[in-house]
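**Q** Following this message is one structure expressed as structure tokens.
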Amino acid sequence: MAYLEEERKGWWERLKESRAIVAVNEECGSIYCLFFFTILFLLTSCFGLELICYTVCWLFAVYLLLFSRELYPLMGIIPLLYYTPSVVNNPGRNPESVFFPENGLIYIIILMATFVVLFIARTITDVRSGAVKLTFPKLTVGFVLLGAAYLLGGIGYEEYDLRSPAFGALEILSISLCYFLFALLMDWKNVPKDYFAWMLFCGGVLISAEVLWIFADGRGVLDGEMIKAEIFTGWGISNNIGAAIAMMMPGCGYLAAEKRQGWLFLLAETVMFGAVVLTLSRTATAVGLAVLLFSAAASIVKAKGREKIGLSVVTGVLCAGGITLAALYPEQVFSIFRDLLHFEEAGAGRLEIYRDGWQLFLEHPLFGTGFYSCSAYKWGTADSFIPGRWHNTIIQILASCGTVGIIAYLVHRAQTLWLLFRRLNFEKLTIALSVAALLLTSLLDCHFFNIGPGLLYSVLLCFAEKRFNGEKKYDHDP
């Protein structure tokens, strides 16, 4: 009987079930594969290997779509791809960047388009075979409303920019596309429980190493003094870098509580916080410190036996070290928090810009003025598709999308809070801490409207809903 069943299988199915393919698939889903891509992404960021890197990622994705039953490794690398562009290929600073059509953008678009086509084809096959059952994602209503508000933003504004719907579409896709793709179309039963935390850990290692490379490359310091304007990568400036690391740090806290020798992950999180400090981003430093302290406390509570003792000792030593630094260098340490408290003097003109955004909302209260009405904080060249943004999530939505936008955002935010805190567990708490880091740093910046943080946000919400909803037990659960 088994022989007849084997005979009925096509050669393609038999190939996918061969020992060699099964062995390769196991490695693709391991954390060592994540480590490989982390190293590849770091080398790309340092040495301008974007086209090689993206080709390797495309080949990896195509292999998974053709030969592997598990697609969760894609969730590990897609959010981190945003952090690969090198300084030499920074499109806002170098007109010869590979991200312009004549230099490589068309090739990158072809890679993305073929990946999407193959993903859709794989999805159709899985649905027809019954391997994947379509379900209604819990955050659909909020995302649909927010997407509609982004697309309608600025309707009726006398200086309406026709690019606004396109940028609005890019924004809603960045925070929802991965969520819908993987929530709807992926089988979650074999996704390792700690995979999201390893993804965050690898992201933190990647970006922290990029910070160190900035200084090793002779940038960031002039005449012995750190210069914030010189701290940038191919994908972001100092504030973007600091906020991105702060979002990644909670993964270390989770691994500290769940793994043997967890105190090593707590040390790694401390090093990541040090990288945040090196970015000179005041907001990211304050938020990163809160994340570090909360992660340490949560990991101590969650850990058991000797691991709890080890984490407590290391946390005590780190706290003592922090207090000592504050005592030795009080001006440098407390200046961060003093600047936040005296924001009107130290906020780089943000309050005035917020007033301008509020005034635009009052003048156009229904749909706002679209995404191209902020004249401050221009990105790259003056005519860039990426517009200046208001550096505050609420002001951004009010000015760009009006009352319609803020209602949609509040619906979406209520749904995410319900998702994260209903049936709360340690995994959801870790994800909530990462999301909180994004939202808090976005009160003084535009991170919620940047593609990279949006992709990570999208993937984390998907993990919270599909892997940690508390309704099912999966194969990798204890």
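Cβ atoms here come from the backbone N, Cα and C positions, even for glycine.
According to TrEMBL, the protein carries these features:
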TRANSMEM  29-49  transmembrane segment
TRANSMEM  56-84  transmembrane segment
TRANSMEM  104-124  transmembrane segment
TRANSMEM  136-157  transmembrane segment
TRANSMEM  169-188  transmembrane segment
TRANSMEM  195-216  transmembrane segment
TRANSMEM  236-256  transmembrane segment
TRANSMEM  263-280  transmembrane segment
DOMAIN    271-410  domain 'O-antigen ligase-related'
TRANSMEM  286-303  transmembrane segment
TRANSMEM  310-329  transmembrane segment
TRANSMEM  393-412  transmembrane segment
TRANSMEM  424-441  transmembrane segment
**Q** Six or more residues out from either end of the transmembrane segment (169-188), which same-chain residues have a Cβ under 8 Å from its Cβ atoms?
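**A** Here the qualifying positions are 69-72, 74-75, 78-79, 119, 123, 126-127, 131-132, 134-135, 137, 139-140, 143, 146-147, 150-151, 371, 448-451, 454-455, 457-459, 461-462, 465-467, 474.
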**Q** On average, what pLDDT score does this prediction assign to the domain 'O-antigen ligase-related' (271-410)?
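**A** The average pLDDT of the model in the domain 'O-antigen ligase-related' (271-410) works out to 87.
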**Q** With Cβ-Cβ distances below 8 Å as the criterion, list the same-chain residues six or more beyond the ends of the transmembrane segment (236-256) that contact it, or say none.
**A** 83, 194, 196-201, 203-204, 207-208, 210-211, 228-229, 262-266, 268-269, 272-273, 275-276, 279-281, 283-285, 287-288, 291-292, 294-296, 298-299, 303, 311, 426-427, 430-431, 433-434, 437-438, 441-442, 445, 447, 450, 452-453, 456
**Q** What residues in the same chain, six or more past the boundaries of the transmembrane segment (136-157), come closer than 8 Å to it by Cβ-Cβ distance?
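**A** Same-chain residues near the transmembrane segment (136-157) but 6 or more away: 164-165, 168-169, 171-172, 175-176, 179-180, 183-184, 364, 366-373, 397, 400-402, 404-405, 407-409, 411-416, 419, 461, 465.
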**Q** I need to check the long-range neighbours of the transmembrane segment (195-216): which residues 6 or more away from its ends have a CB within less than 8 Å of a CB in the stretch?
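**A** Same-chain contacts beyond the ends: 31, 34-35, 37-38, 41-42, 45-46, 72, 75-76, 79-80, 83, 230-233, 241, 244-245, 247-252, 254-255, 258, 265, 268-269, 271-272, 274-275, 278-279, 427, 430-431, 434, 456, 459-460, 463, 467.
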